[in-house]
Every structure is written in structure tokens, then in C-alpha cells.
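As recorded in TrEMBL:
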{"type": "DOMAIN", "residues": "1-172", "note": "domain 'FAD-binding PCMH-type'"}
{"type": "ACT_SITE", "residues": "R141", "note": "active site"}
{"type": "ACT_SITE", "residues": "S201", "note": "active site, proton donor"}
{"type": "ACT_SITE", "residues": "E271", "note": "active site"}
Amino acid sequence: MVALVESTEELMSVLEKVREGIFPSPVRFIGNASNILFPDGGLLGTVISLKKMDRFTLRPDGLIEAEAGAFLPRLAFHAARQGRGGLGFLSGIPGTVGGGIVMNAGTTTGEMGDILREVCLVSPDGAMERIVREDLRFSYRTSEFQREELSESPSRWQDWVIVSAVLETFPAEPVFLMEEWERLRRSRSEAQPLDKPNLGSVFRNPPGDFAGRLIEEAGWKGVVRGGIEISPRHANFFVNRGGGLSRDFRSLVEDVRLAVLKENGIRLETEVEIVPEETPATV
């Protein structure tokens, strides 16, 4: 089942129902689900979506308080209009604050770990805690909030869910910030197939190189399997041309990974979260 919550109180209520056995367990939390590939057979348990928890406030001290479901481009847009800089890199990332922090989303100009001041977390048993940035670990497209199978160094926070965050900004001219926001949005739109259903970036960029370049060099740019196409515009984006299945995507991922390994000796690691087939949902 899917539970769409609009507040921390509603989230707590759903978690309580899971603990009481009213709602099925286990639990998986999602935001905009823009970076997750679900299995063709769906998920067991309870999926809790936080995308309706999307409120945010620009404080007089320059900080932004944002709920986990706040859409990153919208947040960056409103911050720019109010003369709050530092969030421009979010303009083309189709995710939410919570998911962005979990995967340390970013671009070449910045990432979530750079602007985070603190997060508010809720545990599966309903406990709440605030953690400051200095007590958290971030690296390229990863954080200690990721589940054990995705994280190199598991931490106590992997079973908790982010419900809100405080982000840092700096003062700047709104006109300049709006121009930057539009320029970055347009640049991303021109370089990536954002006009079609897609997942991407599929792979993390290896040190000193780009996954898209390596995929293209290996001859896989534009390849189609079932309803899934490796985008001719950007090889690190896989597009659903209609009727695409999760198994088509998965097989392309493995074949591309093998091809790049044979061509360049580099093993690409996925940036999208691929939920295993026939596996119950997990926190």
C-alpha cells in the first residue's frame, strides 16, 4: 500500500499503524521517486510518500527551513526571487529536499552537503532527533542516510527518515540569481532528455571522467531494449519510450557496465537506486 502524508504528525500516525500491524510492514520512504527504479511486480509492505510535505520558509537570518518533500527547483526559484543565493545548482535537479540529502544530490557547481545546516529525523518507532551538519558524513552522491546496500559505511541513521532540513544561503541580487537559475535550468534541459520519462544520471561519474562519455565511447549511446532507450542526447540517461519494463532497464545497466569495463577497465557504479525484484520494501 501507499500512504501519502502531508505532515510529520500524519507520518507518525502511519508509522504507529505499521507498528500495530494495521498497515503492512516493512516500510519504504520516498519523495518524488525521481531517482528510484521499482520492480515490475511492485513492492510489499507500506510505501510512505513525503512529496506533499513540501512547505518551506525563508528566515530573516538567511537560513531556509524546508520540509522533506519540498521540490528542489521550486525551492531554488523562490530563494533566488528573495535574493538568497547558493541554491542555483538545484534548479535542474528533479528531486526533493529529503531525497536530495540522502543521495547528496548535486552538480559540478554544488551539492546538498555543501548547503546543509541541520536535519530533523524520525525513527521507525517514532523518535525524533535533530542532527547538525558537522556530525554527518557526505561524499560524492552518497551520505550515511543511504541504506546499507547502498552505503560504504553504514550508520545508525539508515533506518530513519528525514522530515525537514535547514539550508544555508547567502545574500545576492535577485536579478543576478534569477538569471543564473534560468541559465542552469536551460543548460540542463538542452543537455538532458528532460522532456521524456527518464532515469538519470544512471551511473555515478568515476573520478576524473564522465559516465556518459564512457558509455558513448563503448558504443551504447542510442541503444534500445524493449521500451527503454539509452538517450541519444545524453548516454547517462535511460528513457522510457513507452511500455518500458524494469527488467529492460536492469539488463541494460548490467550490459553497459560490462561493456565499459571491457573497453576502459572502469566499473561504473549506479547513481539511481534499483530496488531488487521480488524483494519486500525496506526502510
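Glycine is treated like the rest: Cβ placed from N, Cα and C.
TrEMBL: automatically predicted annotations, no manual curation.
Feature annotations (TrEMBL) mapped to structure.
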| residue | record | DSSP class |
| --- | --- | --- |
| R141 | active site | coil |
| S201 | active site, proton donor | coil |
| E271 | active site | coil |
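In the structure as shown, the Cβ atom of E271 (active site) sits within 10 Å of 20 other Cβ atoms. A 10 Å cutoff on Cβ-Cβ distances gives R141 (active site) a total of 20 other Cβ atoms nearby, all chains included. Over the domain 'FAD-binding PCMH-type' (1-172) the predicted model carries a mean pLDDT of 91. The residue listed as 'active site, proton donor' sits 6 Å from E271 (active site), taking the Cα positions as reference.
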